[in-house]
Amino acid sequence: MTIRPDIALPPDAAPPPEAPAKMSPMMEQYHEIKAANPGLLLFYRMGDFYELFFEDAEIASRALGITLTKRGKHLGADIPMCGVPVERSDDYLHRLIALGHRVAVCEQTEDPAAARARKSVVRRDVVRLITPGTLTEDTLLDARANNYLLAIARARGSAGADRIGLAWIDISTGEFCVTECSTAELAATLARINPNEAIVPDALYSDTELAPTLRELAAVTPLTRDVFDSATAERRLCDYFAVATMDGLAALSRLEATAAAACVTYVDRTQLGKRPPLSPPAREATGSTMAIDPATRANLELTRTLAGERRGSLLDAIDCTVTAAGSRLLAQRLAAPLTDAATIARRLDAVEAFAVDSGLREQIRSSLRAAPDMARALARLSLGRGGPRDLANLRDGIRAADEVLVQLAQLASPPQEIASAMAALQRPSRELCAELGRALADDLPLLKRDGGFVREGYEPALDETRKLRDASRLVVASMQARYADDTGIKALKIRHNNVLGYFVEVSAQHGEKLMAPPLNATFIHRQTLAGQVRFTTAELGEIEAKIANAGDRALGLELEIFDRLAGSIDAAGDDLRAAAHAFALLDVATALAKLASDDNYVRPEVDESLAFAIEGGRHPVVEQALKRAGEPFIANACDLSPGPAQKNGQIWLLTGPNMAGKSTFLRQNALIALLAQVGSFVPAIRARIGIVDRLFSRVGAADDLARGRSTFMVEMVETAAILNQASERALVILDEIGRGTATFDGLSIAWAAIEHLHEQNRCRSLFATHYHELTALSAKLPRLFNATVRVKEWRGEVVFLHEVLPGSADRSYGIQVAKLAGLPPSVVSRAKAVLAKLEANDRGQPKTLIDDLPLFAITARAPAEAAPPSEAEQLIDAVKALHPDEMTPREALDALYALKAKLPKAD
């Protein structure tokens, strides 16, 4: 019988079909197994196929694009059916899991011949429950990404102050973490963890406030209340980790323990009692990582672009790792930048050690390329899903550890993080490595059931059995030669398949000869095909039995050896996992050092101040794209540091035309801060960054039609979150606030937002806008600094120089950008005419906007209109505005022509 997983049925899932009073034994068995596994697609093994029936078949047919057929009837209606071949099932499983489906794999657990002897249906049992968060096979996993299962528990508080406990594990690597947060922090925490599956109590699944957030981020599986029972949580954790008390584990809060217990309970059930080895839950302290909400992660394209692609993201740009485990660790660090300056410094020390020693760095990277994914090999072996190549991976990992240790010995005084890695690499047993080396053959099969993975000479009993098996096969070869001579049929062959066993095969024309006396007494006709006829003999049957028995005995001995070796590995699991993590750590450190060396990154100074001073900053992703195109990136400085020595302002108000690079400038400074707190060198000449506790980005917006939100509503929701949550340690980048509504509405909102950031949040901020009127705020807000992106006009065209300078822009050059975008010439021409008229009308108004709007009355009043300057004064002002040292010869010549044009014309 199947072990019932007790996984609750999602509210929108149909129950399994009821079994009628009379049905075939096979269909009766199917209904029984399906009823024990509600809410999962049942892959029901029938020969060489997994078949799906009823609603499962309809779901799988749509999801996989395979033909929906029918098999018999149920309650008078056709039974929907579809199937997938067993040998290609991993491909189909991968697609179903990626769509959020969960699957129960039901195998035949006895030989069909035995079932026929019993005159009964073949026994079948569910041997695996596959869910998005509990994968271990390489064929189903992304090698460069973690596969997290997340459990969420909630405790109700007064006045809506609920607390959330979270626990997440990756059973393919053994990682296990817990934390606690408020409901306001939940979205940012979920975005950081990025789980593949979330398990929640039924009540939380139905919660109107939280459920939409959960379903946006992961496949959500609701479970019954007992899984989240806080009264039994500690007992379940102690049972899983085989400890007497929680003293042997981390000090967890009640909520954290509840979520952690839910995780291990779900794993225990989905793995049908097999327990993957997990590290004890590591507790993440509140505030230990930079908080980044989902919108900011998306806007900054940290791990995926807005189109959902890895290519073009920050992770893609900086990932120089050479191992899958290193790539996973880098992604983890990028998702959770640290807020502890001392820990950041230790990471930077490791990167610097390899940045200054390119020879050692490349030696380490070369050795790491040979290091396999030890953590995932361990997990597969512990769950009984491993193969001979997993054993070899662990053998090769220990060998690589010795090689890396020899190389690291060149460091006279290794930094703390490297020293810790060296200690971890020394932990695995070298005797275990030697034993694996003696046991495993050079050429290994993928599956242990294929045999042939034990080296000749390792086990004498196995060698003897193999000799007997192989000798029998030589007898078959000699029999073929003898049969060919006896019959006079030189083309006679002895072949083998799983249906007939060993058989004699001849052409159709020779078949009649073997079916005629006297040869028919020896050769028994079994099968006629289009061009061949097949026969068996009593002698062949005897030999086949000997070969089968010898082969079965040989495979049995090999499987015993495999289990013995796997047991030794399981006993050494903690040491091997520590070495696997050390490899990943060294891979990340050497990869970031290579990035720094290749792209001229510098070590940032990260401290507990509120400083933010970047000299020669660059956008890491855009710079790489330009480099591939053979173009330079224009670096820019940014100083948001507070205090008396402040050169500029804590809030920069950035104006300039479209396409000038404002958004790139905003993003690059956010990414530099993030990289610094990840523990990476940064793309700049110099960088000093005081710890950023929260990073906010409101750059671009799109409709959220599913929630009935317009583009402007999405923009306002994101802006509200920033203004309500940003502390003085936050870094805020805002682009074009208020552009999605009427001009005066948008201008008013942007104005008020700047004042709030300045007076209430008091955080480091970059604010880009096309509302040039906002630059007047610098007169009343002392920490507001106006900056602009430099452009040049040349013969009616605009040239973007991408330089950020003090000052403000008076034009946005929107029509020029529209022309570059390919608007029809007639539209561009008409737009210029309309703009000229609007600007003329604006100049003719007796009062400026700052006088018109009460909103702006708090700023300094505009001075009385002065008499227009004389022509001589205009010439003097024009000359004063020139900066010869900053001009190219061409620009100087143009300026001279412009001055000449201003001279009064002679009568």
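First residue shown is number 1, and so on along the chain.
Including glycine, each Cβ sits where the backbone N, Cα and C put it.
Keep in mind that what you see is a predicted model, and the values were worked out from it rather than measured.
The range from 1-20, 121-140, 281-300 that Swiss-Prot describes as region 'Disordered' is residues 1-20. Shown in sequence order, VAL789, PHE800 are the same-chain residues outside GLY656, PRO657, ASN658, MET659, ALA660, GLY661, LYS662, SER663 whose Cβ sits within 8 Å of the Cβ centre of the ATP site. Working note on the binding-site residues MET659, ALA660: by count of other C-beta atoms within 10 Å of each C-beta, ALA660 ranks first. Each of the binding-site residues PRO657, GLY661 was ranked by the number of other C-beta atoms within 10 Å, and first place falls to GLY661.
Under the DSSP three-state reduction, ASN658 (ATP binding site) is assigned to coil, being neither helix nor strand.
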